[in-house]
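Student: As annotated in Swiss-Prot:
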ACT_SITE  Asp43  active site
BINDING   Asp43, Glu232  Mg(2+) binding site
BINDING   44-48, His60, 88-90, Phe92, Arg94, Arg213, 219-221  substrate binding site
ACT_SITE  Asn91  active site, proton acceptor
Amino acid sequence: MIYRIISHIPKIFFKPAYDLYERYLIEKVKSGVLPKHVAIIMDGNRRWARKHEKPPWYGHLFGSKKLEEILEWCHELGIRILTVYAFSTENFKRSKEEVDRLMKLFEEKFRELVTDKRVHEYGVRVNVIGRKELLPKSVRDAVEEAERATRKYNNYILNVALAYGGRSEIVDAVKDIARDVISGKLRIEEIDEELLRRYLYVPNMPDPDIVIRTGGEVRISNFLLYQIAYSELFFVDVYFPEFRKIDFLRIIREFQKRERRFGR
């Protein structure tokens with residue numbers, strides 16, 4: 001609430017102090033242990049659009065621009081892996097108009113990634129995780145093109161969860177394991193937590209150190225259920241298009257102050 005009141009004050013009045021505080025936070029964050037993997041539930045696009053008396057697709061468009069900013073922040077700080085929750089399997093239940101608009105936006109953005117100079121300059125590999133078969137063919141083609149164009153890169157990794165559900169990911173992994181047991185490729189005695197990890201959508205990806213949810217809701221919404229068992233969770237009362245670099249830095253700074261016990 002306080003943030004939303006402050007956000008209406010002309011920025012010119014506090015920009016010098018804001019910039020100074022941002023530089024201070026960057027210095028502090030860079031001097032500490034940085035997370036290797038950050039995951040974000042990008043919530044609040046539609047409510048942000050509603051606040052501005054715009055249709056839902058308008059909020060998703062501005063959300064995609066915010067994601068581009070966050071990729072720059074990660075590059076600046078040296079955070080190698082970013083996973084974002086873009087569209088869940090449950091989101092298909094939204095209105096046809098909104099889903100169609102979103103699919104068109106996804107197609108456009110994945111095609112833009114192929115020619116984005118920053119992607120190739122920074123060496124960003126793009127992975128799309130989820131049940132891709134549920135996506136329209138035009139989106140699947142754009143996804144495959146982006147993945148193919150960036151497959152050789154390994155400096156930074158962007159995982160986009162699309163037509164994704166955490167439970168579905170676990171179910172799909174279990175089915176693949178069962179097939180390998182039946183075919184004789186795998187013995188039941190070999191199955192453990194680490195083996196199951198190898199059957200997830202992105203095998204052997206380090207677990208997220210941090211999970212951020214914007215939009216003010218305090219829930220996980222079926223996101224990376226297997227991978228976030230020991231992640232540090234942060235819930236921010238800011239719509240995703242309004243999520244600021246200073247918010248991101250504060251979260252990382254708080255993460256650096258926490259003692260991670262990993263269930264011990």
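One-based numbering along the chain as shown.
Backbone N, Cα and C define each Cβ position, glycine as well.
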Student: If you count Cβ atoms within 10 Å of the Cβ of Ser221 (substrate binding site), leaving out that atom itself, what do you get?
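Tutor: So the Cβ neighbour count for Ser221 (substrate binding site) comes to 13.
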Student: Would you kindly give the Cα-Cα distance separating Glu232 (Mg(2+) binding site) and Ser221 (substrate binding site), rounded to the nearest Å?
Tutor: 16
Student: When you measure from the Cβ of Glu232 (Mg(2+) binding site), how many other Cβ atoms are you left with inside 10 Å?
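Tutor: Cβ-Cβ neighbours of Glu232 (Mg(2+) binding site) within 10 Å number 16.
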Student: Which entry in the list of binding-site residues, Arg46, Arg94, Arg219, has its Cβ near the fewest other Cβ atoms, using 10 Å as the limit?
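Tutor: Sparsest of the binding-site residues Arg46, Arg94, Arg219 by Cβ contacts within 10 Å: Arg219.
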Student: Please work out which residue of Trp48, Ser88, Asn91 has the most C-beta neighbours within 10 angstroms of its C-beta, and give that one of the recorded positions.
Tutor: Trp48
Student: Please report the Cα separation of Trp48 (substrate binding site) and Asn91 (active site, proton acceptor) in Å, rounded to an integer.
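Tutor: Here the two Cα atoms lie 17 Å apart.
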Student: For Gly44 (substrate binding site) and Glu232 (Mg(2+) binding site), determine the Cα separation and express it in whole Å.
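Tutor: A Cα-Cα distance of 21 Å.
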Student: Quick one: of Asp43, Gly44, Glu90, which of the recorded positions has the smallest count of other CB atoms within 10 A?
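Tutor: Each of the recorded positions Asp43, Gly44, Glu90 was scored; lowest Cβ tally within 10 Å is Glu90.
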